[in-house]
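Have a look at the structure below, then the notes.
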Amino acid sequence: MAVPFVEDWDLVQTLGEGAYGEVQLAVNRRTEEAVAVKIVDMKRAADCPENIKKEICINKMLNHENVVKFYGHRREGATQYLFLEYCSGGELFDRIEPDIGMPEPEAQRFFQQLIAGVVYLHSMGITHRDLKPENLLLDERDNLKISDFGLATVFKHNGRERLLNKMCGTLPYVAPELLRRPEFRAEPVDVWACGVVLTAMLAGELPWDQPSDSCQEYSDWKERKTYLAPWRKIDSAPLALLHKILTENPTARITIPDIKKDRWYCRPLKKGTKRGRVSSGGVTESPGALPKHIRSDTDFSPVKSALGEDKASYSTSQPEPGTGGALWDSSTGSIDRLVQGISFSQPACPEHMLLNSQLLGTPGSSQSPWQRLVRRMTRFFTKLDADGSYRSLRDVCEKMGYGWKQSCTNQVTISTTDRRNNKLIFKVNLLEMESRILVDFRLSKGDGLEFKRHFLKIKGKLSDVVSTQKVWLPPP
(Lines of atoms letter the chains of each structure in order from A; the text may use other names.)
(Lines give C-alpha, C1' and ligand atoms only; values in the text may rest on other atoms or scores of the structure.)
Protein backbone atom coordinates (compact mmCIF):
# COMPACT_ATOMS: atom_id res chain seq x y z
CA MET A 1 0.00 0.00 0.00
CA ALA A 2 1.60 3.22 -1.18
CA VAL A 3 0.84 6.60 0.39
CA PRO A 4 0.70 9.71 -1.85
CA PHE A 5 3.45 12.18 -0.98
CA VAL A 6 3.90 14.70 -3.78
CA GLU A 7 2.27 14.65 -7.22
CA ASP A 8 3.22 11.33 -8.90
CA TRP A 9 5.32 10.27 -5.89
CA ASP A 10 4.38 7.71 -3.22
CA LEU A 11 6.07 6.83 0.05
CA VAL A 12 6.34 3.04 -0.08
CA GLN A 13 8.73 1.89 2.65
CA THR A 14 10.40 3.00 5.87
CA LEU A 15 14.17 2.65 5.56
CA GLY A 16 15.25 3.86 9.00
CA GLU A 17 14.57 6.13 11.95
CA GLY A 18 16.39 7.88 14.77
CA ALA A 19 16.04 10.74 17.27
CA TYR A 20 14.66 13.48 15.03
CA GLY A 21 12.95 11.82 12.09
CA GLU A 22 12.89 8.92 9.69
CA VAL A 23 13.94 7.90 6.21
CA GLN A 24 11.29 6.88 3.71
CA LEU A 25 11.56 5.43 0.22
CA ALA A 26 9.70 7.54 -2.35
CA VAL A 27 8.81 6.03 -5.73
CA ASN A 28 7.46 7.85 -8.78
CA ARG A 29 4.40 5.92 -9.96
CA ARG A 30 4.81 7.20 -13.52
CA THR A 31 8.58 6.98 -14.14
CA GLU A 32 9.33 4.35 -11.43
CA GLU A 33 12.29 6.37 -10.14
CA ALA A 34 13.20 5.93 -6.46
CA VAL A 35 14.57 8.43 -3.94
CA ALA A 36 15.32 8.20 -0.22
CA VAL A 37 13.61 10.98 1.74
CA LYS A 38 15.05 11.96 5.10
CA ILE A 39 12.22 13.55 7.08
CA VAL A 40 13.35 15.66 10.04
CA ASP A 41 10.91 17.00 12.62
CA MET A 42 12.43 20.40 13.37
CA LYS A 43 10.41 20.63 16.60
CA ARG A 44 12.27 17.59 17.89
CA ALA A 45 15.51 19.07 16.59
CA ALA A 46 14.82 22.46 18.19
CA ASP A 47 17.98 22.20 20.31
CA CYS A 48 20.22 21.76 17.25
CA PRO A 49 18.70 23.43 14.16
CA GLU A 50 22.15 24.60 13.08
CA ASN A 51 23.27 20.97 12.83
CA ILE A 52 20.53 20.27 10.28
CA LYS A 53 21.51 23.36 8.29
CA LYS A 54 25.15 22.28 8.36
CA GLU A 55 24.24 18.77 7.21
CA ILE A 56 22.37 20.24 4.24
CA CYS A 57 25.23 22.60 3.37
CA ILE A 58 27.78 19.77 3.49
CA ASN A 59 25.57 17.50 1.37
CA LYS A 60 25.31 20.25 -1.24
CA MET A 61 29.10 20.36 -1.54
CA LEU A 62 29.54 16.68 -2.34
CA ASN A 63 29.50 14.77 -5.61
CA HIS A 64 31.44 11.49 -5.71
CA GLU A 65 30.76 7.90 -6.73
CA ASN A 66 31.45 6.64 -3.18
CA VAL A 67 29.27 9.24 -1.44
CA VAL A 68 25.47 9.13 -1.32
CA LYS A 69 24.17 11.74 -3.75
CA PHE A 70 22.13 14.69 -2.49
CA TYR A 71 19.30 15.86 -4.76
CA GLY A 72 18.01 18.77 -2.70
CA HIS A 73 15.94 19.75 0.31
CA ARG A 74 12.64 21.43 1.14
CA ARG A 75 11.15 22.91 4.29
CA GLU A 76 7.41 22.43 4.80
CA GLY A 77 6.23 23.96 8.07
CA ALA A 78 8.11 22.30 10.93
CA THR A 79 9.35 19.46 8.70
CA GLN A 80 12.60 19.45 6.75
CA TYR A 81 12.87 17.04 3.81
CA LEU A 82 16.24 15.92 2.45
CA PHE A 83 16.17 14.03 -0.87
CA LEU A 84 18.95 11.49 -1.28
CA GLU A 85 20.17 8.71 -3.53
CA TYR A 86 18.52 5.36 -2.77
CA CYS A 87 20.88 2.43 -2.22
CA SER A 88 19.12 -0.87 -2.85
CA GLY A 89 22.03 -2.95 -1.53
CA GLY A 90 21.34 -1.99 2.08
CA GLU A 91 23.91 -1.38 4.82
CA LEU A 92 27.43 -2.77 4.87
CA PHE A 93 26.90 -4.46 8.23
CA ASP A 94 24.38 -6.83 6.63
CA ARG A 95 27.23 -8.34 4.58
CA ILE A 96 29.32 -9.03 7.69
CA GLU A 97 28.75 -12.44 9.27
CA PRO A 98 28.97 -12.07 13.07
CA ASP A 99 32.25 -13.49 14.43
CA ILE A 100 33.29 -14.53 10.91
CA GLY A 101 33.36 -11.43 8.73
CA MET A 102 33.37 -11.67 4.94
CA PRO A 103 35.73 -13.04 2.27
CA GLU A 104 38.98 -11.08 2.27
CA PRO A 105 38.73 -9.97 -1.40
CA GLU A 106 35.27 -8.55 -0.68
CA ALA A 107 36.56 -6.69 2.37
CA GLN A 108 39.47 -5.36 0.33
CA ARG A 109 37.19 -3.98 -2.38
CA PHE A 110 34.84 -2.31 0.11
CA PHE A 111 37.84 -0.89 1.97
CA GLN A 112 39.28 0.54 -1.25
CA GLN A 113 35.95 2.20 -1.99
CA LEU A 114 35.73 3.54 1.56
CA ILE A 115 39.20 5.04 1.25
CA ALA A 116 38.27 6.56 -2.14
CA GLY A 117 35.26 8.24 -0.54
CA VAL A 118 37.25 9.51 2.44
CA VAL A 119 39.99 10.87 0.15
CA TYR A 120 37.31 12.87 -1.66
CA LEU A 121 35.75 14.18 1.56
CA HIS A 122 39.12 15.30 2.88
CA SER A 123 39.92 16.97 -0.45
CA MET A 124 36.74 19.01 0.06
CA GLY A 125 37.81 19.91 3.60
CA ILE A 126 35.11 17.67 5.13
CA THR A 127 35.55 15.13 7.92
CA HIS A 128 32.75 12.61 8.47
CA ARG A 129 33.44 11.79 12.16
CA ASP A 130 31.08 8.80 12.31
CA LEU A 131 32.32 6.22 9.82
CA LYS A 132 30.91 2.79 10.67
CA PRO A 133 29.16 -0.05 8.78
CA GLU A 134 25.73 1.37 9.63
CA ASN A 135 26.65 4.55 7.73
CA LEU A 136 28.12 2.76 4.73
CA LEU A 137 25.54 1.79 2.12
CA LEU A 138 25.68 -0.38 -0.99
CA ASP A 139 24.11 0.40 -4.34
CA GLU A 140 22.59 -2.07 -6.82
CA ARG A 141 26.09 -2.99 -8.05
CA ASP A 142 27.42 -3.48 -4.50
CA ASN A 143 29.39 -0.24 -4.61
CA LEU A 144 30.01 1.35 -1.23
CA LYS A 145 28.57 4.81 -0.52
CA ILE A 146 29.32 6.95 2.53
CA SER A 147 26.10 8.30 4.05
CA ASP A 148 24.74 10.31 6.99
CA PHE A 149 26.61 13.59 7.36
CA GLY A 150 24.83 14.61 10.56
CA LEU A 151 28.12 14.75 12.50
CA ALA A 152 30.32 15.90 9.63
CA THR A 153 32.09 19.25 9.74
CA VAL A 154 34.47 21.44 7.75
CA PHE A 155 38.06 21.20 8.98
CA LYS A 156 39.85 22.90 6.09
CA HIS A 157 38.98 26.00 4.08
CA ASN A 158 41.09 27.84 1.56
CA GLY A 159 44.03 25.65 2.49
CA ARG A 160 43.84 26.49 6.20
CA GLU A 161 43.23 23.58 8.57
CA ARG A 162 41.63 23.94 11.98
CA LEU A 163 41.88 21.56 14.91
CA LEU A 164 38.72 19.94 16.23
CA ASN A 165 37.65 19.80 19.87
CA LYS A 166 34.23 18.14 19.87
CA MET A 167 34.02 14.53 20.96
CA CYS A 168 31.46 12.82 18.76
CA GLY A 169 30.98 9.55 16.96
CA THR A 170 30.44 5.96 18.09
CA LEU A 171 32.77 4.78 20.86
CA PRO A 172 34.15 1.57 19.31
CA TYR A 173 35.08 3.55 16.17
CA VAL A 174 36.42 6.80 17.67
CA ALA A 175 40.16 7.47 17.70
CA PRO A 176 41.91 7.48 21.11
CA GLU A 177 42.89 11.15 20.85
CA LEU A 178 39.20 12.12 21.06
CA LEU A 179 39.12 10.68 24.57
CA ARG A 180 42.39 12.24 25.71
CA ARG A 181 43.15 15.52 23.99
CA PRO A 182 41.38 18.89 24.04
CA GLU A 183 42.15 19.34 20.34
CA PHE A 184 43.02 16.97 17.51
CA ARG A 185 43.42 16.80 13.74
CA ALA A 186 40.47 15.62 11.65
CA GLU A 187 42.05 13.37 9.03
CA PRO A 188 43.70 10.85 11.40
CA VAL A 189 40.34 10.42 13.17
CA ASP A 190 38.62 9.25 9.97
CA VAL A 191 41.61 7.04 9.11
CA TRP A 192 41.30 5.31 12.50
CA ALA A 193 37.59 4.66 11.95
CA CYS A 194 38.37 3.10 8.56
CA GLY A 195 40.70 0.68 10.36
CA VAL A 196 37.98 -0.39 12.78
CA VAL A 197 35.57 -0.91 9.86
CA LEU A 198 38.18 -3.07 8.13
CA THR A 199 38.62 -5.11 11.32
CA ALA A 200 34.87 -5.70 11.49
CA MET A 201 34.75 -6.80 7.84
CA LEU A 202 37.63 -9.26 8.25
CA ALA A 203 36.79 -10.67 11.70
CA GLY A 204 33.05 -10.18 12.14
CA GLU A 205 33.47 -8.36 15.43
CA LEU A 206 34.61 -5.04 16.81
CA PRO A 207 38.06 -4.99 18.43
CA TRP A 208 37.07 -3.10 21.61
CA ASP A 209 34.37 -1.16 23.39
CA GLN A 210 36.49 1.99 23.26
CA PRO A 211 40.17 2.79 22.65
CA SER A 212 41.15 3.56 26.24
CA ASP A 213 43.43 1.95 28.80
CA SER A 214 40.36 1.00 30.84
CA CYS A 215 39.42 -1.42 28.04
CA GLN A 216 41.31 -4.72 28.28
CA GLU A 217 40.93 -5.52 24.58
CA TYR A 218 42.51 -2.21 23.63
CA SER A 219 45.37 -2.73 26.07
CA ASP A 220 45.95 -6.17 24.56
CA TRP A 221 46.12 -4.61 21.09
CA LYS A 222 48.69 -2.07 22.20
CA GLU A 223 50.75 -4.94 23.63
CA ARG A 224 50.49 -6.66 20.22
CA LYS A 225 48.68 -9.73 21.55
CA THR A 226 47.51 -10.66 18.07
CA TYR A 227 47.03 -14.29 19.08
CA LEU A 228 43.76 -13.12 20.65
CA ALA A 229 40.45 -12.44 18.88
CA PRO A 230 39.72 -10.69 16.62
CA TRP A 231 43.30 -10.42 15.34
CA ARG A 232 43.97 -14.15 15.14
CA LYS A 233 41.23 -14.39 12.49
CA ILE A 234 42.94 -11.87 10.20
CA ASP A 235 45.62 -12.77 7.64
CA SER A 236 49.11 -11.35 8.17
CA ALA A 237 49.02 -8.89 5.24
CA PRO A 238 45.87 -6.96 6.23
CA LEU A 239 46.89 -7.27 9.88
CA ALA A 240 50.15 -5.48 9.07
CA LEU A 241 48.13 -2.63 7.57
CA LEU A 242 45.87 -2.52 10.62
CA HIS A 243 48.93 -2.13 12.85
CA LYS A 244 49.76 1.03 10.91
CA ILE A 245 46.21 2.39 10.93
CA LEU A 246 45.31 1.61 14.54
CA THR A 247 48.38 3.37 15.92
CA GLU A 248 47.57 5.31 19.07
CA ASN A 249 49.72 8.34 18.32
CA PRO A 250 47.94 10.26 15.52
CA THR A 251 51.21 11.79 14.30
CA ALA A 252 52.63 8.28 13.79
CA ARG A 253 49.44 6.89 12.27
CA ILE A 254 49.61 5.97 8.60
CA THR A 255 48.19 8.55 6.19
CA ILE A 256 45.82 7.78 3.35
CA PRO A 257 48.47 8.28 0.62
CA ASP A 258 50.57 5.61 2.36
CA ILE A 259 47.55 3.32 2.83
CA LYS A 260 47.11 3.40 -0.94
CA LYS A 261 50.71 2.21 -1.33
CA ASP A 262 50.29 -0.66 1.15
CA ARG A 263 51.09 -4.15 -0.14
CA TRP A 264 47.73 -5.65 0.86
CA TYR A 265 45.73 -2.65 -0.33
CA CYS A 266 47.36 -2.85 -3.76
CA ARG A 267 47.13 -6.63 -4.09
CA PRO A 268 45.05 -7.57 -7.17
CA LEU A 269 41.62 -8.92 -6.32
CA LYS A 270 41.23 -12.66 -6.63
CA LYS A 271 39.30 -13.85 -9.64
CA GLY A 272 35.67 -14.74 -9.24
CA THR A 273 34.98 -12.45 -6.28
CA LYS A 274 32.85 -9.93 -8.14
CA ARG A 275 31.01 -9.28 -11.36
CA GLY A 276 32.09 -6.66 -13.84
CA ARG A 277 35.22 -4.57 -13.48
CA VAL A 278 36.40 -1.96 -11.01
CA SER A 279 36.88 1.63 -12.09
CA SER A 280 39.76 3.83 -10.95
CA GLY A 281 37.74 4.86 -7.93
CA GLY A 282 37.07 1.26 -6.95
CA VAL A 283 33.52 1.26 -8.29
CA THR A 284 32.22 -1.92 -9.89
CA GLU A 285 30.89 -1.42 -13.39
CA SER A 286 28.67 -4.41 -14.02
CA PRO A 287 28.07 -5.54 -17.59
CA GLY A 288 24.60 -5.69 -19.04
CA ALA A 289 21.54 -3.56 -18.53
CA LEU A 290 20.43 -2.76 -15.01
CA PRO A 291 16.88 -1.87 -14.01
CA LYS A 292 16.66 1.87 -13.55
CA HIS A 293 13.25 2.13 -11.96
CA ILE A 294 11.04 0.71 -9.23
CA ARG A 295 7.30 0.20 -9.51
CA SER A 296 4.98 1.45 -6.80
CA ASP A 297 1.60 0.01 -7.82
CA THR A 298 1.76 -3.49 -6.35
CA ASP A 299 -1.29 -4.23 -4.22
CA PHE A 300 -0.31 -5.26 -0.72
CA SER A 301 -2.42 -5.88 2.34
CA PRO A 302 -0.52 -6.22 5.61
CA VAL A 303 -1.09 -9.17 7.88
CA LYS A 304 -4.05 -8.31 10.12
CA SER A 305 -5.31 -11.52 11.66
CA ALA A 306 -2.39 -11.97 14.01
CA LEU A 307 -1.76 -8.43 15.19
CA GLY A 308 -5.17 -6.77 15.10
CA GLU A 309 -5.79 -3.09 14.35
CA ASP A 310 -3.33 -0.20 14.57
CA LYS A 311 -3.00 1.07 18.11
CA ALA A 312 0.50 2.41 18.62
CA SER A 313 1.81 5.92 18.23
CA TYR A 314 4.87 6.75 16.14
CA SER A 315 7.85 8.85 16.92
CA THR A 316 9.84 10.37 14.10
CA SER A 317 13.53 10.52 14.65
CA GLN A 318 16.76 11.40 12.98
CA PRO A 319 17.38 8.69 10.42
CA GLU A 320 19.77 5.98 11.32
CA PRO A 321 21.97 4.94 8.42
CA GLY A 322 20.02 3.30 5.70
CA THR A 323 19.52 5.54 2.68
CA GLY A 324 21.11 6.13 -0.68
CA GLY A 325 21.94 4.76 -4.28
CA ALA A 326 20.52 6.37 -7.44
CA LEU A 327 19.76 4.67 -10.73
CA TRP A 328 19.08 7.69 -12.91
CA ASP A 329 20.20 11.17 -13.90
CA SER A 330 19.31 13.53 -11.05
CA SER A 331 18.53 16.29 -13.52
CA THR A 332 15.24 14.64 -14.48
CA GLY A 333 12.21 16.84 -14.06
CA SER A 334 10.32 14.35 -11.90
CA ILE A 335 12.96 14.51 -9.16
CA ASP A 336 13.04 18.29 -9.43
CA ARG A 337 9.29 18.32 -8.85
CA LEU A 338 9.71 16.01 -5.87
CA VAL A 339 12.25 18.38 -4.31
CA GLN A 340 10.11 21.45 -5.03
CA GLY A 341 7.02 19.68 -3.73
CA ILE A 342 3.36 20.59 -4.07
CA SER A 343 1.27 18.77 -1.48
CA PHE A 344 2.83 16.68 1.26
CA SER A 345 0.97 14.03 3.23
CA GLN A 346 2.33 11.77 5.93
CA PRO A 347 1.51 8.06 6.30
CA ALA A 348 -0.46 7.00 9.34
CA CYS A 349 1.57 3.84 9.64
CA PRO A 350 4.74 3.83 7.54
CA GLU A 351 5.45 0.12 7.77
CA HIS A 352 2.19 -0.65 5.97
CA MET A 353 4.02 0.50 2.89
CA LEU A 354 6.37 -2.45 2.73
CA LEU A 355 6.46 -3.80 -0.76
CA ASN A 356 4.63 -6.98 -1.67
CA SER A 357 7.13 -8.60 -4.00
CA GLN A 358 10.42 -7.03 -3.08
CA LEU A 359 12.05 -10.38 -2.40
CA LEU A 360 10.07 -12.87 -4.41
CA GLY A 361 11.65 -14.60 -7.33
CA THR A 362 13.31 -17.81 -8.31
CA PRO A 363 16.93 -18.19 -9.35
CA GLY A 364 17.22 -17.84 -13.08
CA SER A 365 13.95 -15.98 -13.50
CA SER A 366 13.87 -12.50 -14.93
CA GLN A 367 13.94 -9.95 -12.16
CA SER A 368 11.13 -7.53 -11.64
CA PRO A 369 12.08 -4.02 -10.53
CA TRP A 370 10.78 -4.91 -7.06
CA GLN A 371 13.64 -7.31 -6.61
CA ARG A 372 16.05 -4.36 -6.63
CA LEU A 373 14.65 -3.08 -3.36
CA VAL A 374 16.74 -3.29 -0.21
CA ARG A 375 18.59 -6.60 -0.06
CA ARG A 376 18.82 -7.95 3.48
CA MET A 377 19.84 -11.27 4.95
CA THR A 378 17.85 -10.78 8.16
CA ARG A 379 14.58 -12.31 6.99
CA PHE A 380 13.04 -15.75 6.55
CA PHE A 381 9.83 -17.53 5.57
CA THR A 382 7.92 -19.61 8.11
CA LYS A 383 5.93 -22.82 7.79
CA LEU A 384 3.04 -21.25 9.73
CA ASP A 385 0.21 -18.86 8.99
CA ALA A 386 0.22 -15.28 10.25
CA ASP A 387 -1.27 -16.12 13.66
CA GLY A 388 1.15 -18.97 14.26
CA SER A 389 4.16 -16.97 13.12
CA TYR A 390 3.25 -14.07 15.38
CA ARG A 391 2.70 -16.30 18.43
CA SER A 392 5.94 -18.21 17.88
CA LEU A 393 7.94 -15.01 17.52
CA ARG A 394 6.32 -13.48 20.59
CA ASP A 395 6.93 -16.58 22.72
CA VAL A 396 10.60 -16.79 21.75
CA CYS A 397 11.22 -13.11 22.39
CA GLU A 398 9.51 -13.25 25.76
CA LYS A 399 11.58 -16.29 26.77
CA MET A 400 14.74 -14.45 25.71
CA GLY A 401 13.81 -11.44 27.83
CA TYR A 402 13.30 -8.97 24.99
CA GLY A 403 11.04 -5.96 25.25
CA TRP A 404 8.07 -6.38 22.92
CA LYS A 405 5.65 -3.79 21.54
CA GLN A 406 3.12 -3.90 18.76
CA SER A 407 3.86 -0.91 16.53
CA CYS A 408 1.58 -1.46 13.54
CA THR A 409 -0.86 -3.96 12.18
CA ASN A 410 1.97 -6.01 10.71
CA GLN A 411 4.88 -4.83 12.83
CA VAL A 412 6.37 -5.30 16.27
CA THR A 413 9.25 -3.42 17.87
CA ILE A 414 11.75 -5.49 19.85
CA SER A 415 14.19 -3.92 22.31
CA THR A 416 17.10 -5.29 24.30
CA THR A 417 20.67 -4.42 25.25
CA ASP A 418 23.77 -5.67 23.48
CA ARG A 419 27.00 -7.09 24.91
CA ARG A 420 28.23 -3.56 25.63
CA ASN A 421 25.01 -2.77 27.51
CA ASN A 422 23.91 -0.38 24.77
CA LYS A 423 20.30 -0.14 23.62
CA LEU A 424 19.39 -2.27 20.61
CA ILE A 425 16.04 -1.80 18.87
CA PHE A 426 14.79 -3.55 15.76
CA LYS A 427 11.52 -3.78 13.86
CA VAL A 428 9.99 -7.06 12.76
CA ASN A 429 7.40 -7.10 9.98
CA LEU A 430 5.19 -10.07 9.14
CA LEU A 431 4.41 -9.91 5.44
CA GLU A 432 2.03 -12.20 3.58
CA MET A 433 3.46 -13.12 0.19
CA GLU A 434 1.51 -15.49 -2.00
CA SER A 435 0.15 -17.42 0.98
CA ARG A 436 3.53 -17.46 2.70
CA ILE A 437 4.60 -15.44 5.73
CA LEU A 438 7.88 -13.57 5.50
CA VAL A 439 9.37 -12.43 8.81
CA ASP A 440 11.54 -9.40 8.03
CA PHE A 441 13.91 -7.87 10.63
CA ARG A 442 15.29 -4.33 10.31
CA LEU A 443 17.71 -2.53 12.63
CA SER A 444 16.20 0.63 14.10
CA LYS A 445 18.82 1.68 16.65
CA GLY A 446 22.13 0.26 17.77
CA ASP A 447 25.10 -1.69 16.47
CA GLY A 448 24.60 -3.62 13.23
CA LEU A 449 26.75 -6.61 14.16
CA GLU A 450 24.96 -6.98 17.49
CA PHE A 451 21.64 -6.80 15.66
CA LYS A 452 22.69 -9.65 13.37
CA ARG A 453 23.80 -11.73 16.38
CA HIS A 454 20.38 -11.34 17.99
CA PHE A 455 18.64 -12.10 14.70
CA LEU A 456 20.56 -15.37 14.40
CA LYS A 457 19.70 -16.29 18.00
CA ILE A 458 16.00 -15.69 17.38
CA LYS A 459 16.10 -17.59 14.10
CA GLY A 460 17.82 -20.48 15.86
CA LYS A 461 15.12 -20.61 18.54
CA LEU A 462 12.50 -20.65 15.76
CA SER A 463 14.24 -23.41 13.79
CA ASP A 464 11.20 -25.69 14.02
CA VAL A 465 8.98 -23.18 12.22
CA VAL A 466 11.49 -21.54 9.85
CA SER A 467 10.91 -22.68 6.28
CA THR A 468 13.79 -24.30 4.44
CA GLN A 469 12.77 -22.27 1.41
CA LYS A 470 15.41 -19.62 0.90
CA VAL A 471 14.56 -15.96 0.59
CA TRP A 472 16.22 -15.47 -2.74
CA LEU A 473 18.27 -12.31 -2.99
CA PRO A 474 19.08 -11.02 -6.46
CA PRO A 475 22.80 -10.91 -7.17
CA PRO A 476 24.50 -7.50 -7.27
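Cβ from N, Cα, C; glycine included.
According to Swiss-Prot:
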type: ACT_SITE; residues: Asp130; note: active site, proton acceptor
type: DOMAIN; residues: 9-265; note: domain 'Protein kinase'
type: MOD_RES; residues: Ser280; note: phosphoserine
type: MOD_RES; residues: Ser296; note: phosphoserine
type: MOD_RES; residues: Ser317; note: phosphoserine
type: MOD_RES; residues: Ser345; note: phosphoserine
type: REGION; residues: 391-476; note: region 'Autoinhibitory region'
Tertiary neighbours of the residue listed as 'active site, proton acceptor' (same chain, Cβ under 8 Å, six or more apart): Asp148, Gly150, Leu151, Ala152, Cys168, Gly169, Thr170, Tyr173, Ala193
Mapped DSSP class for Asp130 (active site, proton acceptor), helix or strand or coil: coil
Three-state composition of the region 'Autoinhibitory region' (391-476), taking helix and strand from DSSP: 23 helix, 35 strand, 28 coil
